[in-house]
Amino acid sequence: MAFFGTPSTSTSTGTTSGQSQQVKQQIQEQISQELAVANATELVNKITENCFEKCVEQPQNGLNPQQDACVNQCLEKYMRSWNVVSKSYITRIQQSSN
């Protein structure tokens, strides 16, 4: 029961609880987005490091056709692997949230 225009405890608590859930969800979404950016950055760094080491023995002004083909194949391999891992990860998250 409210006296003199002050909200009752149950209404106030319900609103606070709803706001807390909304804030919690926003924080979770922000963390998820930050993790996605960090993962993408890590992927690019790993691809660059590993494919360069594998394909370019002596750096020059540019890549020769053999090095270019090697880098492209390496990149495609990493991207295929990334897609498989990402799909599996998303599936697991969806299963655990249900």
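Including glycine, each Cβ sits where the backbone N, Cα and C put it.
These features come from Swiss-Prot:
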{"type": "DISULFID", "residues": "Cys51-Cys74", "note": "disulfide bond"}
{"type": "DISULFID", "residues": "Cys55-Cys70", "note": "disulfide bond"}
{"type": "REGION", "residues": "1-24", "note": "region 'Disordered'"}
{"type": "MOTIF", "residues": "51-74", "note": "motif 'Twin CX3C motif'"}
Average model confidence [pLDDT] within the motif 'Twin CX3C motif' (51-74): 92
DSSP-derived structure type at Cys55 (disulfide bond), helix or strand or else coil: helix
